[in-house]
Amino acid sequence: MSPRSHRSLPYRPALDGLRAIAVSAVVVYHLNSSWLPGGWLGVDLFFVLSGFLITSLLVTEYQRWGSIYLPGFWFARARRLLPSLVLMLLAVLVVSRFWTIAARRAAVRDDAVSTLFYVANWRLLFSDDDYFANLSLPSPLRHTWSLGIEEQYYWVFPILLALLLTLTHAMRWTARRRLIAGVLLALAAASVWRMWALYVPGTDPSRVYYGTDTRAFELLIGSGAGLLFGAREFTARRPPRAERTVRAGLLPWTGAAGLAVLVVACCLVSQNDTIVFRGGLAVLCVLLVAPIAAAASPQPSMLQSALSWEPLRRLGLISYSLYLWHWPVIVFLTGRLTGNAVIDAVIEVAIAVALAYATWRWVEKPIRTQGFRGLLPRHPRPSMAIATLAIPAVVLGALMLPLGTTPSSAAVADPGTDSSTNVVVKGGHYVAPPGGASVVLAGNSMPYSLAVAYPNGAYPGLTVNTATSLGCDPYPGDQIYGNTPQPPTPACEQWHQRWTQAIVDLKPDLTVYMIPQTFTGDYIVDGKRLTWGTPAYDAFIDRTLTLVRKEALAAGSKRFAVLTLAYHRMPFATVSKGAQNTNNDSRVDHVDQVVQQWAESSGSPVLDLKALLCTGGFHTTIDRIPLYVDGLHFSKQSGAIVWSWLAPQISDIVQGRAPDATTRP
């Protein structure tokens, strides 16, 4: 270690008030996004605040010692962040072993490892095959993406700052600060431009939302502010007299205005708003510098007093632990409580706060004040052993997670609705079509999950592509859950207008449209509500299939077929009307009956997936492996088994023959 000890910045209770506001916004958003549509902006406040504080800390150290001791900084960060994170990861791994369906455990394992090494944000970006599982069974570790971005910044930024300070050592301090701040703000501008360039309005913003390169500007803006005046705020006991009047009158008011903008944005902004990723976040982050500076100032103000309100301050003290715990609690308890959204939210928040306080009281605080020995002050050697073994324990637990037994049906469906029987698939004899064949699977995330499970090379001559969009359907209409209409997102509306583009480009031999689970619920079409099961609704299904078939053939597909809807068991049916409808086997039977009648009248081949998978009812496994990763979507393993049945039938259709029914079990 360095001969000099690492020193923290002077304590400012108002900064804990800001942390409390940020974490509260995020928690409310995660409980129910309709309650606070822009609550996710609380993460942006965290980012700017982190950049401000870290830079102030590093600059203060440089001013005192003439250098920055990087190993000491990194060790201090690890001591501050890792213990609570490791504890949360161990808890998630244990609970997942008993309370997560077997097919999801491998994903949780990978999430845990990526979280431990602070690359969770990139895993979210590069694991597209797992995205559809998140639609109904989100990962209990999805929220750790922001920790990944921060830690990646903590690794790179101190090196950059030390290098810039070295290169400018001959300059006067004021000029150095301004020059380096200018460099940081230029890098921030490049990051803003990167977000602007990569974001496509109306599409999924995940790339710009999770990318370190597209979110770095938030930390850089905080760092620029920290370099310009952050260190001064923490080192000056009292501002120069010339500044007092200005500070007392201007800074608190600008800080309050910045917070007001954040509150309004949290209430009104949606991640579907183009302006958010086209400069809006950058403007917000610049405005957030004002309340951060006001909270850090040695000059007392009414804003500081408000942010230092004791309940707010105490919540801010446990904000890191609360952020760690709240999302796993929500994920594991959703659908398992009373079914009342408000009551469930109160219970989940109470549990998360209790876990956060316990973590802060018995893990964070002792380690921060006494090091790892603070965990077991009378037994230093066991405490060091615990600290040493904690990270390997997470890795080992993650590796062992997928090996557990299948959890109870409660993990995937309501009690009494799940059959534990296994379906055995008899694969057909595949004969490669002369000259090969191309097929496009069309629809929402369900055919996408089947397409990504296609075993490349297993069926010579058969090429599989998709015309899919996650959560979208290629026809107009607003879904209804209970009595609440759910209009298509801008991304879905855009895809609806161009869903046939893949068919235009590929001119496939066959387009297979997979009947969506959304046909089990009510719709609003042309301003009129269509109630499921009525003749008008059946006519809507008929018209929709006719439209999809017409558009596919007009786009260049040589043939068109439908894949029937099978039985499913989506989780959280006690609180989700959509899941209740999807899990209703009688509704599925009726939809497939309407589809069969339409197919006969239109002369379209039918690939009867329900007959393959649902003889005797719903089955949890196929050839002894979990059928669905989340009650709705195929895994790569189960999807590959389905292809042993599907590929021969596609070959038959392409060659002008009827699908071979003998390939059913």
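Every residue gets a Cβ built from N, Cα and C, even glycine.
As recorded in TrEMBL:
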- 13-360: domain 'Acyltransferase 3' (DOMAIN)
- 433-636: domain 'SGNH' (DOMAIN)
- 38-60: transmembrane segment (TRANSMEM)
- 81-99: transmembrane segment (TRANSMEM)
- 153-171: transmembrane segment (TRANSMEM)
- 178-196: transmembrane segment (TRANSMEM)
- 250-271: transmembrane segment (TRANSMEM)
- 277-296: transmembrane segment (TRANSMEM)
- 341-363: transmembrane segment (TRANSMEM)
- 384-403: transmembrane segment (TRANSMEM)
Segment-segment contact (the transmembrane segment (250-271); the transmembrane segment (341-363)) at 3 or more Cβ pairs under 8 Å: no
Cβ contacts under 8 Å made by the transmembrane segment (38-60) with residues that lie 6+ beyond its boundaries: 7-9, 15, 18-19, 21-30, 68, 73, 146, 149-150, 153-154, 157-158, 161, 177, 215, 218-227, 230-231, 233-235, 262, 265-271, 281, 284-285, 288-289, 292-293, 296
Range from 153-171, 178-196, 341-363 with most C-beta pairs under 8 A to the transmembrane segment (277-296): 178-196
Beyond the flanks of the transmembrane segment (341-363) by at least 6 residues, Cβ under 8 Å: 27, 31-32, 83-84, 87-88, 317-318, 320-322, 324-326, 329-330, 333-334, 375, 575
Overall pLDDT of the domain 'Acyltransferase 3' (13-360), taken as the mean: 90
